[in-house]
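Inspection log for the structure reproduced underneath, given as structure tokens.
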Amino acid sequence: MAKKGSLSITSENIFPVIKKWLYSDHDIFYRELISNGSDAITKLKKLELMGEYERPEDLEYKIQVSVNPNDKTIKITDNGLGMTEDEIDKYINQIAFSGVQDFMEKYKDKANEDQIIGHFGLGFYSAFMVSDKVSIDSLSYQKDAKPVHWESEGGIDFEMEEGDKAEVGTTITLYLNEDSTEFCNEYRAREVIEKYCAFMPVDIFLDNETAEPQYETIEKDELTDKDTVVETVIEPARTEEKEKEDGTKETVEIEPSREKYKINKRPVALNDTNPLWNKHPNECSEEDYKSFYRKVFRDYKEPLFWIHLNMDYPFNLKGILYFPKINMEYDSLEGTIKLYNSQVFIADNIKEVIPEFLMLLKGIIDCPDLPLNVSRSALQNDGFVKKISDYITKKVADKLSGMCKTDRENYEKYWDDIAPFIKFGYIKDEKFAEKMGDFILYKNLEGKYLTLQDCLDENKEKHENTIFYVTNEKEQSQYINMFKEEGIDAVIMPAAIDSPFISHVEQKKEGLKFLRIDTDLNAAFKEEVKEDDEEFKKTSEELTEYFKKALNNDKLDIKVEKMKNAGVASMITISEDTRRMQDMMKMYSMGGMDMGMFGGTGETLVLNANHPLVQYVLGHKEDANTSKICEQLYDLASLSHGPLAPERMTAFVSRSNEIMMIMAGEKTESEKAE
């Protein structure tokens with residue numbers, strides 16, 4: 001039976017090359033080898049069902065991982081099919097090695113972003129990424145099969161001979177190289193196995209061969225045939241003293257003595273072989289979904305709601321998508337979608353498979369039909385993958401639109417949390433936008449949630465096809481008050497995504513226009529001025545000229561209006577087009593560019609000709625302190641619009657002090673100098 005041979009068909013050892021490619025993913029050997037063991041068990045189960053294999057009565061299918069930090073070894077044992085000498089020669093020496101060559105060819109000359117997703121395909125030979133030497137001990141389920149021992153150093157030459165394995169199955173032993181000894185640490189091994197194999201369909205157990213034995217104590221009636229009794233423990237009876245009728249005391253037994261057993265600690269599987277996503281939604285309680293979310297994502301804020309995906313045709317796809325509760329101020333908007341293949345973890349957030357806007361969610365998608373040994377670029381152009389993406393998009397849109405129709409109260413309650421996700425999806429995915437356009441909500445100044453059509457219908461008489469919006473309720477409070485006084489509504493849109501979102505809505509809804517409430521002075525806020533009112537024209541010209549001179553700013557746009565609200569002396573408006581350009585520049589980190597390159601800042605100073613201060617300026621243009629009033633009116637208008645630049649704020653505070661001193665009858669510093 002003894003046999004020796006060479007695996008390498010060239011003089012070059014390909015494993016250092018593979019190690020370099022997969023430097024950050026050395027731990028995948030655990031996934032590959034445990035997956036092989038799981039496959040071997042699954043195949044044996046099928047043979048058992050077909051009557052071609054009779055399982056021993058006491059045998060339970062499992063995978064055992066044993067680490068030994070002293071010897072720097074890892075053993076991975078399954079009780080699956082096992083292999084004969086011929087099968088090892090075929091599957092290990094020929095096919096598996098051929099597979100690793102194919103793997104190398106796929107990676108050859110690939111850029112990092114175009115690598116094979118999940119690095120599937122390396123299989124058994126992933127062991128050589130972390131090992132100097134690998135051995136296989138296997139016994140086939142076939143009648144009269146002989147055990148086989150195979151070993152190879154460096155993955156180049158091998159030796160194969162008759163072995164001594166007594167149970168059906170396979171043990172792979174890895175003799176780790178010096179760079180990879182971390183993987184025989186029990187806690188590191190547990191971490192990696194739970195990462196890749198937390199939901200594999202076969203029980204996986206881990207033990208440390210160098211650890212001290214651990215024990216537990218059980219009740220007598222809990223003992224099973226599988227337990228190893230170390231010691232019988234007699235727990236004494238519990239007694240207490242009671243007083244008799246004659247006044248004497250006696251000891252009474254209130255609980256008899258009990259026999260317990262100290263046994264070797266029962267092993268606990270690292271994985272859940274029947275994850276929640278494999279169950280029918282009717283079998284899952286609300287608490288099941290919440291506890292699964294906490295366990296998988298380690299997020300102890302409860303999710304808002306979830307979608308259970310379950311599809312068998314035309315492809316097999318299952319999963320659960322959670323809508324997390326996000327604190328917009330502190331939490332990242334990036335979620336985690338874990339992609340699985342037959343309950344084996346592939347990778348997080350594979351954007352070629354999962355619609356980009358879903359990356360804001362948290363969830364698991366398991367698709368056994370997904371092509372794995374292909375590059376990311378191939379996935380992008382794969383029609384099957386596109387169908388998967390479209391199906392997920394449809395299910396999410398159906399869930400949200402259905403909630404809006406049948407459970408509007410909860411939909412509104414969740415809206416502020418789910419709005420960024422829905423708006424991002426509206427921008428990024430045409431089909432999602434078509435399905436969700438009528439179910440996007442807008443919160444108005446009274447806190448009421450409206451659809452787009454509601455907004456247009458409610459304001460049809462006052463401003464047809466125009467929706468006013470607010471981005472900052474505190475900074476724009478002056479404008480909000482003016483709108484409320486005139487009974488004009490606006491919607492609140494404070495998020496960064498709202499600017500590109502409303503642009504997309506305008507593109508899809510012909511004639512619709514979104515305007516921020518400080519864009520221009522609405523006709524409802526102004527008194528009508530006749531075109532031939534020469535006196536008002538003269539007043540406007542004089543005020544404009546004087547303010548430009550006082551502010552030392554010839555380029556500033558100034559407009560004089562007769563406003564109904566006599567309490568507002570001045571205000572700033574900015575054209576909608578300019579503001580959106582500014583928002584775009586901020587989004588693309590171009591904030592340092594001069595808006596003058598695009599035709600000015602778009603800022604207009606509006607003066608209220610009905611306000612006493614503006615009238616005072618007009619009548620006291622020769623007074624020494626009138627220019628200070630002009631500067632103050634400009635800064636106050638700007639402050640109502642947003643914070644001032646540091647230098648301008650310093651000047652504003654200094655000027656405010658001077659004005660108060662003048663009011664108090666004191667001389668200012670400049671007057672003292674004179």
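Backbone N, Cα and C define each Cβ position, glycine as well.
Annotation comment: TrEMBL describes Glu32, Asn36, Asp78, Met83, Ser98, Gly99, Thr170, Arg376 as ATP binding site.
Taking every protein chain shown into account, Asn36, Thr170 are the binding-site residues, and of these the Cβ with the most other Cβ atoms within 10 Å belongs to Thr170.
In the structure shown, the C-beta of Met83 has more C-beta neighbours within 10 angstroms than that of any other entry among the binding-site residues Glu32, Met83. Secondary structure at Glu32 (ATP binding site), taken from DSSP and collapsed to helix, strand or coil, is helix. Contacts of Asp78 (ATP binding site) defined by a Cβ separation under 8 A and a same-chain sequence distance of 6+ are given as Asn36, Gly37, Ser38, Ala40, Ile41, Lys62, Ile63, Gln64, Gly169, Thr170, Val202, in order along the sequence.
In the three-state DSSP scheme, Thr170 (ATP binding site) falls into the strand class.
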